[in-house]
Amino acid sequence: MSSTFAPMTWHDTLYLAPELILAAMFLILIITDLILPQRVNRSLIGWLTLAGLLVSLGAVIWRMIDMNPSGVSAEEAAKAGQAISLLGASYRVDDYGNLLKIVFLIGTSLIVLMGLGSTQKDDAVTDKAEFYYLLLPATAGAMIMASSGNLVTLYIGLELLSITTYVLVGLRKRSSLSAEAAFKYVVTGGIASAFVLFGMSYLYGVTGSVSLADFGTALPQALTDYKALVYVGFFFLIAGFGIKIAAAPFHAWAPDVYQGAPTPVSAFLAVIAKGAALAAVFRLLYSSAFFVSGGSKDQAGDDVMFALLVIAAVAMLVGTLSALRQKQAKRLLALSGVANAGYLLVPIAVSVTIIHSNNFAEFAFYLVAYLLMNVGAFAVVTVIARATGHEELRGFSGLYYRAPWTAVAMLVFILSLSGLPVTAGFFGKLFILLGAASVKAYWLVAIMAVSTVISYYFYFGIIRQMFLRSNDEAETEIHVPAVTGLVIWICAAATVALGVMPGPLMKWIDMVFTIQGDLFVR
Amino acid sequence: MDSFTQTAWLIPLFPFAAFLLLTALGRGYRRAGVMIGSIGSLLALIMSLLVLFERLDPNAVDYSNSYKWIDLGDYTLKVGFEVTNLNALMLVIVTAVSFLVNVYSAGYMKKDERITVFYGYVALFTFAMLGLVLSDNMLVFYIFWELVGVCSFLLVGFWYARPAARAAAKKAFIVTRIGDAGLLLGIIVLFWYMPGHALDFSSIHNVFNEGQSGAITMTITTSIALLLFMGVIGKSGQFPLHVWLPDAMEGPTPISALIHAATMVAAGVFLLARTFDIFEASAAAMHTVAYFGGFTAIFAATVALAQNDIKRILAYSTISQLGYMVMAMGLGSMTGGMFHLFTHAFFKALLFLAAGSVIHAVHTQNIHEMGGLGSKMRITAWTFGIGALSLSGIPPFSGFWSKDAILGTALDEDPFLFAIGLAAAFCTVLYMSRLFFIVFTGKSRVRQPNEVRESGLAMAIPMVVLAVLSVVAGFVETPWNGWLGNWLTGGGEEVHANGFAIVASIAVGVLGIYVGWLMYGRAYREQSPAAARMPWLVQLLERQYYVNEFYNVVIVGTVRWIGKLLHAFDEHVIGGAVRLVGFTAVAGGRVMTRLNNGQTQTYGLTAVIGLVVIIAAIVGRRFW
């Protein structure tokens, strides 16, 4: 073991403040919900959940500022920036985790706001308070995954996230679709967990350790001794996480589940759950497979990365092709999420070289872009579903004449989803594309381009619907709840802002994050 | 102190803010809309004047500032602005005309339902034009160049209920696109060959100013220059892409004054001035530019002789005058070109506004249904007269000095072009005399004479201001005082003072007015006796040399024929391939949908099969 196990001290709990805040808030809100009389509107719980998320966000940002001091000597900065390792390197507080936690917390906050505008009025959801406070442990799970330093914490985070989302998906108790979705999600999630555990057990078996910190040294030896077992371990891990990420061919559950779940929960699955699984894969592979890749001889790591690239390519193609015939808005977004999972896997899997080393910046930038455009699009779907009573794509027809500003915002999201300027999605895809091109993975570049072009077909279909007048929908004005409007406009404004000036964010990530200091677990 | 220069980037933001406000307000707030638009352009004007005053200091140095926009690998895309004497002059021209047009439109567009939309578009145009003027590199320049094109499209088609307006808007956009394609290609070639892929104007200046010792070969220089010139031909209405400009007169008249006389069409000439070093490095390009300009000048001037629509006459006159500017540039006289741009902006805007005033009063654009308006519309008649004299190049009006600067250069550089310029000048005087006499003198032929009255103050004041400017603007550069040239080029250009040119141009002017008075002034005739003897010539001119018909038959016809061929190819070869791809995609989609059958066990099975396939593929790879 590279670091000796040290028990938690009171001081250490300070490092865990963001997660602990969420946990404490969760417990408080459960009790509050029990005590509060029935007649009190549960949106109070929603606002308290939001408050908890924002306080936690503040704690993360405070930690980041603490770890990246400005105006001090390089030596001091390096000392402050050193990753904090807790409980024998099983939990890590570093810039990698913190950056992703910021993304998760902002995303969940937007989703809570979206819920205040939609789920709050959804009659199929009987226990509104549950919707809000269950998001807290789910987010905490995602944060644990981003911060975990060994397989056990990683798995705990994964299950915390999964189990709470199983419940969240089934919250629309008066809807059979929701129950069906929850059931399917539990079963598929169970398969995923089984795959992940199986893979983990093999890795533990061949290296004798569950700590990511030990893989770097133990794997090369293990590879010579038990080559086949190493392969099996990695492939099962990839398949298990592939299900969680909803990358093809492990994605089949996603459309059903997104369709049945309350829309804010679909957004949570599409953005936070997917992002957390991607974050775990990123960290896991860079602590293990990375050390058995490169060089001249056949290396298992290269194969693992290549498998990931293949999955990325398949996800892009399958996601866009299946979306072609889709008529339901949430299923469409689910399939677009499959394709986007493919894009997000690319920076993880393409090799790091001297000329191309900002994989994480590309990944994080696109994750942010994806968060903004997806949460925004789901928020628009809630508005339309409320006005028309269904979630079919034809609900969008004539939207421009019924809610012009919402239609314009949706236009921004769709342009971003299809990767056109001037939006965050354009630069996100461009950076990933250039990254893949700079390591000469031209076949992947070609597939990205082809799937992007195919995707124009159904994205532009929505645009056409919105801006063409139609007769079959009554031309009444659509009412947009203020909180939902806020979510839509935050997302649209940020999407455009990042589309006009992607430089500052990219530069900041590059400045804060180093592969050596923040990603590798040593 | 040059604090205003350093904050010049604020100038375009005033009209842009006005545009945003107007868009947000919607159609309701008519009065407020007019105020917002006018104040936006007024602030821009004040700021531009302050910048200009700073630039008048002989020690003023060019200022540029750019901001790194995006890092793409080792290439950095920058956006920025630059203030030079040339830009400062353009800033004042654009903001001054824009402000006056804003004021004028308060009267002219008063009854239009969509007046706020109109002001919004005008504000957006002003923003785009100012951005174009201030841009410090070719890429940003190009973006704004396209944006002014879009605004022009929107404003030409402003009355979109009229089919002619829609057609004209489309034509304007498509025809200029042809030139823009050349410009874009030129920029790409420039980008490719410039050291360090720099596209900013100061680097361009440095590279091409060294003459032929530079890094770029003669052939490349010439092709870049000619490609850029294609953009100029499209935007500044040079032959053979001039056809959109007369049709663009379907737009509201204030727009004709602002966009299609004073500013946007001059952008081409401004581009020539901005990239003058590239052109100067290639004698072949310079000759091409000069001859295109000269030909356009005489060509359009003759067409203007036989038109009967007051705005179309002015449109052809604009094309002809732009031809003068381009010719001056081609002859190496940047000062001459910019000077004429400067004076032309004022007197042509004035002529359009006065024409608008006439149209507003008589509700027609046909000059044969006007007549005798001088006694009823004194301000309009006087200001139009001043504009006409200025355009005709009669001293001491401003047009005389700028045209004389061009003709003087032409006489020194290329006597043939001087002759053409002189002939075009004669035509100019003739068609302006014809226009003036037919519209303002003689008996009234107006259908409802009692309704004719002078336009209100909102319209009259901008006309008077422009009339004053048309008189005095010429004194910045005279044969004995080369101030403007020194200021613009840093004293690099000699003053072409030529007694013969002055005498000749005055003689032509006086002769033209005399002939015009003989033909149209003494008594109204539908047709002059000279024209009656040569009906074919009149017909030829009236039909604008059949250029439109030629395009319709030859180009559109050929394109259509090629189109049919391509369509057949498309239908059977490409279409087949596409259908195949589409079929594959749809079939693929169908298979995907089938896999997505709602059965959870299938989902699990798919995942497992997927895993096995991937393992087989990856591990199998090892054994090959």
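Just so you know, glycine gets a Cβ as well, placed from its N, Cα and C.
The transmembrane segment annotation in TrEMBL covers B:32-53 (among others).
The annotation domain 'NADH-Ubiquinone oxidoreductase (complex I) chain 5 N-terminal' is assigned in TrEMBL to B:69-119.
The domain 'NADH:quinone oxidoreductase/Mrp antiporter transmembrane' feature in TrEMBL is assigned to B:135-420.
Within its own chain, the transmembrane segment (B:140-161) has Cβ neighbours under 8 Å at 79-80, 114, 117-118, 121-122, 124-125, 128-129, 131-132, 168-170, 172-173, 176-177, 180, 183-184, 187, 231, 235, 248, 250-252, 255, 259-260, 264, 267, 271, 274, counting only residues six or more beyond its boundaries. Taken from TrEMBL, the feature transmembrane segment covers B:140-161 (among others).
Residues or ranges marked as transmembrane segment in TrEMBL: B:173-194 (among others).
When Cβ-Cβ distances below 8 Å are used as the criterion, the transmembrane segment (B:214-234) is approached by residues 145, 175-183, 185-187, 189-190, 193-195, 207-208, 240-241, 268-269, 271-272, 275, 278-279, 281-282, 284-285, 288-289, 292, 326 of the same chain, each at least six residues removed from its ends. Taken from TrEMBL, the feature transmembrane segment covers B:214-234 (among others).
Annotation source TrEMBL lists transmembrane segment at B:255-273 (among others). If one looks beyond the transmembrane segment (B:255-273) by at least 6 residues along the same chain, the residues whose Cβ comes under 8 Å of a Cβ in the stretch are 86, 90, 93-94, 97-98, 101, 104, 122, 125, 129, 132-133, 141, 145, 148-149, 151-152, 155-156, 158, 183, 228-229, 231-238, 245, 248-249, 279, 289, 311, 314-315, 318, 322, 325-326, 329, 334, 337-338, 341, 344-346, 348-349, 351-353, 356.
Outside the transmembrane segment (B:285-306), and at least 6 residues removed from its termini, the chain residues within Cβ reach (under 8 Å) are 221-222, 225-226, 229, 232-233, 237-239, 242, 272, 278-279, 313, 316-317, 319-332, 414, 417, 420-421, 423-424, 427-428, 430-431, 434, 531, 538, 541-542, 544-545. Per TrEMBL, the feature transmembrane segment maps to B:285-306 (among others).
Remote same-chain partners of the transmembrane segment (B:313-332), defined as residues 6 or more beyond its termini with a Cβ less than 8 Å from a stretch Cβ, comprise 232, 236-239, 242, 245-246, 248-249, 256, 260-261, 265-266, 268-269, 272-273, 276, 279-280, 286-301, 303-304, 307, 338, 340-341, 344, 348, 351-352, 355, 367, 391, 403, 405-406, 409-410, 413-414, 417, 421, 424, 427-428, 431-432, 435, 544. According to TrEMBL, the feature transmembrane segment maps to B:313-332 (among others).
Residues or ranges marked as transmembrane segment in TrEMBL: B:338-359 (among others).
Annotation source TrEMBL lists transmembrane segment at B:379-397 (among others).
The annotation transmembrane segment is assigned in TrEMBL to B:417-437 (among others).
Outside the transmembrane segment (B:457-476) by six or more residues, the chain places 96, 100-101, 103-104, 106-108, 339, 342-343, 346-347, 349-350, 353-354, 356-357, 360, 379-380, 382-383, 386-387, 390, 396-402, 483-484 with a CB less than 8 A from a CB of the stretch. Sequence annotations record features per position, and here TrEMBL assigns transmembrane segment to B:457-476 (among others).
Per TrEMBL, the feature transmembrane segment maps to B:602-620 (among others).
For the transmembrane segment (B:379-397), the neighbouring stretch richest in Cβ pairs under 8 Å, chosen from B:173-194, B:338-359, B:417-437, is B:338-359.
Only residues 6 or more beyond the boundaries of the transmembrane segment (B:417-437), in the same chain, are considered here, and those with a CB under 8 A from a CB of the stretch are 290-291, 294-295, 297-298, 301-302, 304-305, 310, 313, 317, 320, 323-324, 327, 331, 367, 384-385, 388, 391-393, 403, 406-407, 410-411, 501, 504-505, 508-509, 511-513, 515-517, 519-521.
Counting residue by residue with DSSP, the domain 'NADH-Ubiquinone oxidoreductase (complex I) chain 5 N-terminal' (B:69-119) contains 29 helix, 13 strand, 9 coil. As a whole-number mean, the pLDDT of the domain 'NADH-Ubiquinone oxidoreductase (complex I) chain 5 N-terminal' (B:69-119) in this prediction is 83.
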